[in-house]
Amino acid sequence: MDDGGHRENGRHKAAVQGQWLMQHQPSMKQVMSIIAERDAAIQERNLAISEKKAAVAERDMAFLQRDTAIAERNNAIMERDSALTALQYRENSMVTAPAANMSACPPGCQISRGVKHLHHPHMHHHHQQHHIPQLTENAYETREMEPNDGLPTSPPAGSTLESAKPKRGKRVNPKATTQTAANKRGPKNQRKVKKESEDDLNKIMFVKTTHDYTDEDSSKHILIGSKSDWKSQEMVGLNQVVYDETTMPPPVCSCTGVLRQCYKWGNGGWQSSCCTTTLSMYPLPALPNKRHARVGGRKMSGSAFNKLLSRLAAEGHHDLSNPVDLKDHWAKHGTNRYITIK
């Protein structure tokens with residue numbers, strides 16, 4: 001070991017250990033450059049975040065525009081469908097009205113103005129003239145044929161004697177047997193002949209009388225009819241519209257000033273959610289003596305609702321894609337005591 005405390009083999013060197021333990025101190029320039037790089041990275045990150053937010057906002061705007069375009073397309077499709085249904089209803093009413101008039105019009109009548117199909121009375125007149133001789137011929141044939149069927153045919157003398165001979169050997173007069181058989185079968189057949197001939201004469205007279213009607217008499221004959229006939233003729237011209245909950249919105253009531261959707265009631269009927277015959281408020285008051293129940297609103301049956309839809313569609317005043325306001329169409333009679341709150 002020398003004076004400095006160092007060993008010759010180099011194991012113990014205090015000065016060398018002091019050099020390794022010293023840390024490298026960066027300069028001020030290096031610190032400033034590192035801070036500047038960090039600030040630049042932060043700015044780039046903030047720019048990227050702002051660009052991302054702008055892209056998300058543009059995407060949301062595109063989504064909104066797409067949704068509005070889809071809604072407009074759906075509205076256009078619904079308007080087109082409603083217009084097509086209205087046109088179809090009118091075409092069907094124009095087609096069915098002349099057919100109803102043709103079926104209900106006797107000879108010589110005049111169809112109201114505005115109907116495309118006209119009735120030709122001379123063709124019906126020719127058809128009746130052609131039909132009358134057939135009836136008269138059939139009547140004469142029945143008169144000629146029926147009495148022969150009613151009177152018994154006289155069989156040969158030998159056959160009557162053989163069939164009329166009793167087993168004990170008694171002789172029976174063949175004239176008496178034929179007369180008794182005729183007496184047994186004759187009156188009923190004669191009645192039948194008279195009845196059929198009278199029916200044929202009635203048919204002929206009915207055709208003649210209907211043929212001899214003038215225009216005024218025929219118009220009077222049309223006006224004289226039962227109320228059910230008039231009602232059936234009116235209903236033939238109307239198109240029966242059936243409510244379809246998949247394509248048509250439920251009806252509403254605007255008695256409170258706000259459109260309130262109605263409740264389903266019965267078989268296709270509807271019940272008001274905001275009015276009774278004496279009260280108009282929403283919601284209707286609850287019953288104190290009945291749990292989960294309110295005062296019953298005004299009602300409309302399913303058949304009445306379908307008739308209302310048919311009338312509105314025939315008049316063309318209402319678009320079936322919009323809900324029907326039942327404010328002025330409710331039934332005049334009373335309602336049930338309560339409705340269940342759902």
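Placed from the backbone N, Cα and C atoms, the Cβ positions cover glycine too.
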Residues flagged as motif 'Nuclear localization signal' in Swiss-Prot, choosing from 44-47, 80-83, 136-139, 192-195:
192-195
Using Swiss-Prot as the reference, determine which range in 41-67, 257-283 is annotated coiled coil.
41-67
